[in-house]
Each structure stands twice: as structure tokens, then as C-alpha cells.
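Trainee: Quick one: the structure is below, and I'll ask about it shortly.
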């Protein structure tokens with residue numbers, strides 16, 4: 001994956017420091033623009049049973065069937081109903097294409113290499129492992145996501161399952 | 001031999017071509033055997049196939065295949081040129097077929113990325129013996145050829161892989177070359193027997209280490225009498241190698257049964273003695289055709305050209321075909337599926353439907369027509385006629401008839417029937433097992449048949465036909481039929497009965513023979529009787545969503561019918577709604593749907609719900625409960641029960657309502673979802689015409705949840 005990403009760097013140097021930032025529960029996150037294929041509004045989706053709660057289901061994007069992941073649930077945050085500002089960021093990571101539901105999409109920011117702090121040492125917590133680095137813009141910081149980890153299922157599933165029960169009742173659309 | 005996997009695409013093409021050639025070759029042999037002899041066309045065709053295989057194998061450095069093909073080619077060259085009358089066809093066919101089997105086995109190894117390391121020495125041996133016999137019976141071609149035959153035997157093909165470029169400077173006219181020359185004289189132990197064969201394998205192994213190898217006596221491979229000569233005088237080898245003295249010596253010291261070994265370095269000139277006679281005729285590379293008058297002398301330079309030309313000459317039909325990677329076809333089918341959905345989304349969009357333009361509507365209809373045609377076309381591309389699978393059965397019938405000395409005629413009907421590529425792969429094995437069984441168990445011996453007033457030769461009919469969206473493959477024999485009593489008895493012994501005997505229909509009884517571990521044959525033969533085989537039939541067919549029916553009548557024969565869907569990619573499905581979710585159940589699994597009365601529903605002490613239908617009790621599976629679907633109907637009497645059956649397990653699925661029947665294109669669930677969890681009971685998903693997604697149910701997964 002790293003190799004693939006580097007190749008893309010070589011092909012398109014412009015994208016290197018570019019991140020698409022989005023808002024999630026008043027926090028700002030960044031996702032490397034090379035992964036992003038498009039940004040769409042929330043489309044009707046079909047629930048798939050027996051999956052973790054953060055996988056809301058699958059939806060049809062012009063004939064492609066793509067799983068939909070709620071980033072709030074993924075990061076153990078409170079579920080809020082989707083509104084007109086909610087967006088789906090479709091990312092392509094390796095063999096997987098996934099749509100990420102976020103509160104809203106802000107802008108594309110180009111970071112200088114010096115503004116990106118690698119591997120911040122944070123306290124242990126579930127969302128911590130998805131953060132690859134932190135980007136500084138003026139006084140603000142954006143947490144830059146590690147997409148590989150985001151899509152891997154190797155984290156503590158038990159933890160997720162416990163939370164599942166809690167969210168199940170709250171999620172009424 | 002180690003293989004370089006950088007050549008992957010080339011290897012792939014090689015495997016593909018060679019398998020095709022072998023299959024065609026097999027067909028030619030079997031056809032001509034049926035017709036009682038080779039026509040000149042057959043002979044040249046076989047010659048051509050062998051030649052192509054030889055050429056491409058040499059190119060890919062699969063030496064053992066090349067050598068077998070080469071020896072085979074020699075035989076057929078002789079037959080082609082001499083046109084011997086009264087040839088022993090079945091002997092030739094046996095030989096060719098065993099060669100074909102050998103090459104197939106090697107190809108299999110190559111496909112699985114093993115080294116093609118089978119030892120062809122025995123085959124080559126028998127081919128040579130056969131050729132010599134032919135020569136003795138039908139006389140020599142001419143004296144020149146004979147002498148050449150002799151001379152040629154001094155020559156061991158230069159191994160191509162040992163630096164073909166280095167070979168030519170080594171062979172310059174003055175005979176001076178790199179490496180040192182050795183003479184080895186071997187005396188085998190007195191009682192080791194088959195000295196000539198041992199010597200031959202020795203020389204064969206040496207060919208890999210040494211550049212030039214000569215040996216005395218020269219005709220060890222062909223002439224068994226040389227064994228006696230070697231026993232008396234020892235076996236002399238002269239060779240030149242670049243390897244060191246010690247290395248070579250240790251190679252010889254490892255040979256078994258050697259009593260005495262004389263090993264010494266010699267002057268290079270001594271090899272000239274052997275070089276002289278072969279130089280004018282044999283080219284320095286490995287392709288030595290004994291006949292100089294061959295129209296197209298095969299040397300490595302024009303070899304590739306020759307093999308390219310050959311397939312062309314085998315008829316214009318092949319040129320109309322191209323082979324395409326199946327992945328590309330799969331992609332194409334996905335795209336067309338998406339196109340169809342997009343098309344309906346565009347034309348059925350409410351904003352568009354109010355457009356009052358006649359031109360627009362005409363164009364929309366046209367678009368629809370073309371997309372449907374396009375879909376049909378893509379589906380038809382994936383369809384492959386059953387003929388290749390069917391004709392393969394000829395070989396099985398032939399082999400078994402020979403072994404069991406029975407006469408069986410295989411009649412093929414409807415082999416042009418087309419089936420999806422994925423499905424074909426799954427039915428070849430079942431067919432083989434059924435036919436083997438039919439010959440081994442079904443068809444009686446000749447005397448028995450005559451006593452019953454049947455024709456002497458047994459008859460097996462293999463027929464394929466389209467019935468709706470299914471293909472039926474019928475295998476019918478006119479043998480002794482299935483004995484119900486014996487089947488039941490056997491089933492009792494092996495405890496395979498799941499139902500009271502009295503309740504079983506004939507078909508259910510016959511179906512017992514498809515269970516694993518079932519065999520009514522008293523003794524185990526080479527072909528059947530172990531009780532494996534017929535269960536493969538059920539297993540493979542289940543994988544493609546097919547079913548097996550067995551009918552039989554005593555002394556009239558057995559009919560086995562395989563019912564398989566035309567394609568896996570499209571299923572006829574019933575869409576159902578549960579809450580807001582939609583599911584699709586394959587229509588083949590649905591037996592009925594009904595709204596139950598409250599009095600028919602009951603609950604067992606473990607809180608499992610049941611429903612009574614015509615006096616029988618079936619378990620109920622509430623989808624909304626099982627998949628935790630919100631806002632779904634929970635009252636059994638207000639929703640609908642769908643009775644589904646798979647693998648003889650019946651279950652009633654409770655849903656809110658039926659939405660209607662439709663052909664759907666099966667799509668896999670996204671990779672991300674699949675890797676996360678295998679959801680039991682879901683086979684995939686599909687797009688409905690309104691663009692929403694429906695989940696396709698896997699009934700065998702569901703019935704597993706609540707087995708009756």
C-alpha cells in the first residue's frame with residue numbers, strides 16, 4: 001500500500017501534501033486526496049445484517065455497490081441523524097471502495113512537509129489508532145487519517161460489539 | 001529443471017495451446033479408432049499436433065515433453081511416409097494415448113507451478129521399440145535412412161538449456177573446445193539386469209552435465225540385446241564437459257549396481273572419432289529428424305515459424321476464434337449490467353417521463369432495445385457449448401471398454417447446447433463419474449446381455465437440451481437398472497436411511513446411490529466401487545445450483561438427469577420486503593408461499609415457532625428477528641410465509657410481503673463487507689430497477705440455521 005501510494009506521489013507530485021478535510025463532531029480530520037474518488041450527498045442505502053453498527057449498509061453508486069461507513073460510529077462518537085450537510089466521501093484504498101459518512105466536508109488543504117507531525121503520541125483510545133499524523137494550519141490542527149487502518153477489521157471487535165448494542169436503539173432514521 | 005516465472009504469460013499460452021492440441025489429438029485418435037483405421041488425413045493431423053507440441057515444448061524448455069512428442073512424431077512420420085498396410089491400430093492408439101496422458105500430467109504439473117519432471121524414458125523406449133518393429137515388418141524406407149538411423153544414435157541431443165550460445169563455438173570444425181574430455185568404462189554388477197536401460201538412464205542424466213556425449217554400444221535404447229554386450233564388455237562413454245574432474249567423478253561414483261568404474265581424462269581428438277560420422281547429417285541442436293528429404297527441415301531458426309504456420313493449415317475455422325481472458329468477460333458483464341440499470345433509471349425517471357417529445361420516447365425505446373441486445377450478447381459470449389466436455393467422455397468409455405473388455409457405444413446428442421463457462425467446469429467430473437458407473441455397474445457383460453435378448457453392445461446416451469432457463473443433461477444406459485431392494489439393504493447396513501422405508505418414493509430410493517460411501521458393487525474395481533464418485537455428482541451440482549434425478553427400471557436401464565441453470569450470473573428471484581429492507585429468494589428454492597392461520601402456528605418449549613401445512617410441521621424463520629430489522633411486520637397472520645427447500649431441508653421464511661418475481665443479476669457483496677464477516681444466509685446482492693439494492697438469500701445457509 002505504501003508502495004502504491006508512493007507511486008502515485010511520483011506520478012502526481014501536486015497531490016502529495018493535499019488533504020481533504022472534513023468535520024466530525026466539531027473536530028477536523030484530513031484524508032489524503034489520492035484516496036478520494038468523489039464526494040456525494042447521502043443516497044438511500046440498504047442495511048446489511050450482522051455487520052458492526054458503523055457499517056450502515058451498502059449503496060448503489062452508478063451501478064457499483066459500495067459499503068457505507070458512519071465515521072461518527074467508527075470513532076465511537078454519538079450518532080446524529082443525517083442532514084443536508086452530511087456527506088459521503090468515497091475513497092478507494094487498495095481493493096476496497098468505501099463511502100464514509102461525515103458531518104460535512106470543509107476544504108482541501110495543502111500542507112507543507114514541515115507542518116505534518118508524524119505519529120503523535122496520544123493516550124490510548126480507539127480512534128487514536130486511525131490517526132497517522134497531525135497537520136497544522138495556522139492555529140488549528142487537523143487529524144490526518146490512516147485509511148489502511150480505517151478499513152482493517154483487526155481492531156478489538158469485542159469493543160465494537162459492546163457499543164453496538166447501545167447504538168442499535170438510538171439509530172432510527 | 002527450474003523454471004523462470006517471468007515467462008508467465010508465455011507459459012499460460014503454452015499450456016492453453018498444448019491442452020487444446022492434446023484434446024484435438026485425442027479426438028482424432030478416438031474417431032479414427034472408431035472408423036477402424038487412420039486415414040492419411042488423420043495421420044498428418046496427428047503428426048502436425050505432435051510437431052506443434054514438440055516445437056512449443058522445446059521453446060519453453062520442457063525437455064521431457066519435447067522428447068515424447070518427438071518420438072511420437074517419428075512414429076507418425078514413418079506411418080505417413082510408408083503408409084504401412086495392416087497396421088495394428090489399437091496398439092498405435094494405446095501408445096499415442098499414453099503419450100497424451102503423460103504430456104497432460106506434465107502440463108498439469110506446469111500449471112501448478114511444479115517442475116515438469118516426469119521421466120519419459122519408458123515411453124520413448126516403447127515408441128522406439130514400436131517404430132523398430134514397424135520397420136522390421138514393413139521394411140526399411142531406404143538404405144540411406146537406415147545408415148542414418150545408425151549414425152544418429154551416436155548423438156545425444158544437446159541440451160538446449162545448457163547455454164545454446166556456448167554450444168556453437170564448442171563445436172567448431174577443428175574439434176578444439178573448452179572443457180576436458182573423459183572416457184568412462186562401466187562394468188555393472190552381474191545380477192543387476194537390464195544393463196542397457198541403466199546405461200541409457202545414465203547417459204540421459206549425463207546429457208545435462210556434459211556437452212558432447214558418445215557411447216558404445218550405441219543402440220542401447222533400441223536393442224535389448226545390448227544388455228548382454230554390456231554385461232560382457234562394459235559400457236563405454238566418451239564425453240566432454242566443463243565441470244571439474246572431481247565433480248564428474250563423484251557423479252559416476254553415485255551410480256548404483258556399478259561393479260567397476262574406469263574413469264580417465266582423454267585427449268579431445270579421441271572424440272573426433274565419433275564426431276565425424278554425425279556431423280554431416282545432424283545439426284548441432286537437438287532437433288534431429290532422421291529424414292533429409294523431409295519437406296521442411298526443422299532447425300531451431302525456422303522452428304517457430306513452422307509451428308506458427310501449422311495451426312493455420314488445420315482449417316479456417318480456428319481463425320475465427322479468439323481466446324479472451326474470462327476476467328475481462330466478467331468485467332464486461334458487470335458493466336453491461338450497470339448499463340441496463342442506468343438505462344432504466346434514466347428512462348423511468350419521473351422528470352423524464354413527463355417529457356412530451358415523441359422523438360425522445362422513440363430514442364428511449366431504441367436505447368432500451370440495444371441495451372437488452374447487448375446484454376444477451378455478453379451472456380452468449382460466456383456460453384460455451386457442451387461439446388468439449390461431451391467428447392471427453394468418448395475417451396473414458398473407450399478406456400473402460402478396453403479394460404473391462406465390454407462393448408459400449410456412447411451416443412452424443414445436443415452437444416451444441418450452450419452453458420455458462422463457470423458451470424461447465426463443474427459438470428465435467430460428475431459426468432465422468434456417472435458414465436464410469438454406468439459402464440461398470442449398469443451395462444451387463446456380453447453373455448448376460450445376449451441372454452436377456454439385448455444387443456451385444458451396451459449403449460449409453462448422453463444428451464443435453466434446453467428446458468426453460470435450465471439445461472438438462474440426461475445420461476441413459478440400457479443396462480441392468482438399479483435394484484431397489486439391494487439399495488435399501490445397503491443403505492440399512494450403512495445407516496444411511498433418513499426416512500422410514502415405506503414412505504420413500506422410487507426416486508428417493510434411487511437417489512440414495514448418490515450419497516457418499518454408498519456402493520452396491522460387491523468388489524472394488526479400478527473404476528468404481530469405493531463409494532466415492534457419485535457423491536461428487538451431487539456436490540458439484542449443488543455448487544452450481546443444479547439437481548440430480550435418478551430413474552431406473554430393472555433390465556431396461558438407468559437414467560440420470562442433471563438439471564443445471566443456464567448461468568450463475570442471473571437468477572430468477574422472488575423479491576420480498578422485510579421492514580424497509582428488500583431480499584431476493586432464488587425462485588428455484590421456493591415451493592410455495594402462504595399466509596398462515598393463527599391456529600396452524602405453534603411454539604415448541606424452546607420457543608421455536610412451527611407452522612402446520614397439510615398435516616406436516618415446518619419450522620419458521622422470522623427474517624426480521626434473525627437479522628434484527630426494524631419496523632417489520634411481526635404478526636404471522638399479517639405477513640407471508642415462504643416455504644423454501646434446499647438439500648431436502650424445508651423451512652418457512654417469514655416476510656412482510658412479496659414484491660414480485662424478476663430476473664436479477666447476481667453481484668458479490670463488496671469486498672470490504674465480505675472480508676469483515678461472512679453473513680450467513682446471504683449469497684450476494686443485486687440492483688433492482690429503481691436503483692435500490694436487494695440482498696440475495698442463500699437458502700442453504702438459512703436452512704442450516706433452523707434445520708428441520
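Even glycines carry a Cβ here, placed using N, Cα and C.
From TrEMBL, here are the annotated features:
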DOMAIN    B:3-110  domain 'HPt'
MOD_RES   B:51  phosphohistidine
REGION    B:141-177  region 'Disordered'
DOMAIN    B:366-568  domain 'Histidine kinase'
DOMAIN    B:570-708  domain 'CheW-like'
Trainee: Over the domain 'CheW-like' (B:570-708), what is the model's average pLDDT?
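Mentor: Taking every residue of the domain 'CheW-like' (B:570-708) together, the mean pLDDT is 84.
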Trainee: Reduced to three states, what secondary structure does DSSP give residue B:51 (phosphohistidine)?
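Mentor: For residue B:51 (phosphohistidine) - judged by DSSP and reduced to three states - the answer is helix.
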Trainee: I'd like the per-state residue tally for the domain 'HPt' (B:3-110) from DSSP, helix first, then strand, then coil.
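Mentor: Helix (H, G, I), strand (E, B), coil: 92 helix, 0 strand, 16 coil.
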Trainee: How many neighbouring Cβ atoms, not counting its own, are there within 10 Å of the Cβ of the residue listed as 'phosphohistidine'?
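Mentor: Summing over all protein chains shown, the residue listed as 'phosphohistidine' has 24 other Cβ atoms within 10 Å.
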Trainee: Run through the domain 'CheW-like' (B:570-708) and tell me, per DSSP, how many residues are helix, strand and coil.
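Mentor: Split into helix, strand and coil, the domain 'CheW-like' (B:570-708) gives 23 helix, 70 strand, 46 coil.
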